[in-house]
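**Student:** Before I ask anything, let me first share the structure, which is written out below as structure tokens.
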Amino acid sequence: MSEALWLVVPAAGQGRRMGAQRPKQYLALAGQPVMAHTLSRLHQAFPAARLCLCLDPDDTLFDPAWVPFAHWQRVAGGAERADSVAHALAALSGQAGDEEMVLVHDVARPCVTVNDLVRLYEALSNDAVGGLLAAPVADTMKRDDGAGRVAATESRQGLWHAMTPQGFRYGLLRRALAAARQQGLVVTDEASAVEALGLQPRLVAGRRDNLKITHPEDLALAARILAAQHAEGPGPAAASCREKR
Ligand SMILES: Nc1ccn([C@@H]2O[C@H](COP(=O)(O)OP(=O)(O)OP(=O)(O)O)[C@@H](O)[C@H]2O)c(=O)n1
Ligand SMILES: C[C@](O)(CO)[C@H](O)COP(=O)(O)O
């Protein structure tokens, strides 16, 4: 029996750095809410996947019409992103098998391409640890002195920007997040928790335009990225995983 693929989408944030009137996942982007774009990209890549959507318990803006998946559930998000992901994994207890793949993808990353999603899934399917989409750092990196001036220039050799999705087997990811919480380790991505177990997640090079919409200028940038991707046309034979499985 083919293993199920689980998608966890943290979408319970408030978008404080965006400074908008509503959480950024509900801001209009090319005629649709950010969330609708993100879920559409995930569904194009993984139409048969099962979605767990983390929403703020007080969220009154969510519309189920934006969810294209046949099998999906919502869970209450937590105080931090890691808590929301942990809540989703707890909700999947008894549903997801320990060896089944969980891909965690920020709702705030609507520009991820279907081709990158499928490439990541294929790269991780045979990887015992799991991994993440990432992009090598291309800028010179400065560390500040806390007073607005350069304290040092950091080597960018071997530095990557971690992105999402990040994919790990259900049992390992649940154990890793639980261990991080128990140790009081604050993690801003899933890979950090897996690394804390002494494992080395795989870095899968992805497009740099897999932007996380965070600051006000990012919304217009995301719109330009979507338009540019549309003009590019479909990537290299990015058949969805249903065709490939
Ligand atoms: N308690 C939280 C915090 C964040 N997220 C989600 O995690 C992703 C990445 O988080 P971030 O970009 O920081 O989103 P926000 O927390 O909304 O932004 P801010 O930190 O500016 O408030 C987002 O899709 C966000 O919705 C979540 O599900 N639960
Ligand atoms: C998971 C992530 O998108 C990887 O870069 C990032 O860590 C999320 O950070 P945020 O502060 O929760 O946006």
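Backbone N, Cα and C define each Cβ position, glycine as well.
Annotated site 'Transition state stabilizer' per TrEMBL: Arg17, Lys24, in sequence order. What TrEMBL records for Arg156, Lys212 is site 'Positions MEP for the nucleophilic attack'.
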**Student:** Among the recorded sites listed here (Lys24, Arg156, Lys212), which has the Cα closest to the Cα of Arg17 (site 'Transition state stabilizer')?
**Tutor:** Lys24
**Student:** Using a 6 Å cut-off on Cβ distance, which of the recorded sites Arg17, Lys24, Arg156, Lys212 come close to any atom of ligand 2?
**Tutor:** Lys212
**Student:** For Lys212 (site 'Positions MEP for the nucleophilic attack'), list the number of other Cβ atoms lying within 10 Å of its Cβ atom.
**Tutor:** 18
**Student:** Check each residue in the chain of Arg156 (site 'Positions MEP for the nucleophilic attack') that is at least six apart in sequence and keep those whose C-beta is under 8 Å from its C-beta; list them in sequence order.
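**Tutor:** Result: Val137, Ala138, Asp139, Thr140, Met141.
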**Student:** What's the most sparsely packed of the recorded sites Arg17, Lys24, counting other C-beta atoms within 10 A?
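**Tutor:** So among Arg17, Lys24, the recorded sites given, the one with the fewest Cβ atoms within 10 Å is Arg17.
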**Student:** Work out how many Å separate Lys212 (site 'Positions MEP for the nucleophilic attack') and Lys24 (site 'Transition state stabilizer') at their Cα atoms, rounded off.
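**Tutor:** With distance taken Cα to Cα, Lys24 (site 'Transition state stabilizer') is 11 Å from Lys212 (site 'Positions MEP for the nucleophilic attack').
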**Student:** I want to verify one value. Collapsing DSSP to three states, which class is Lys24 (site 'Transition state stabilizer')?
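**Tutor:** Its secondary structure by DSSP: helix.
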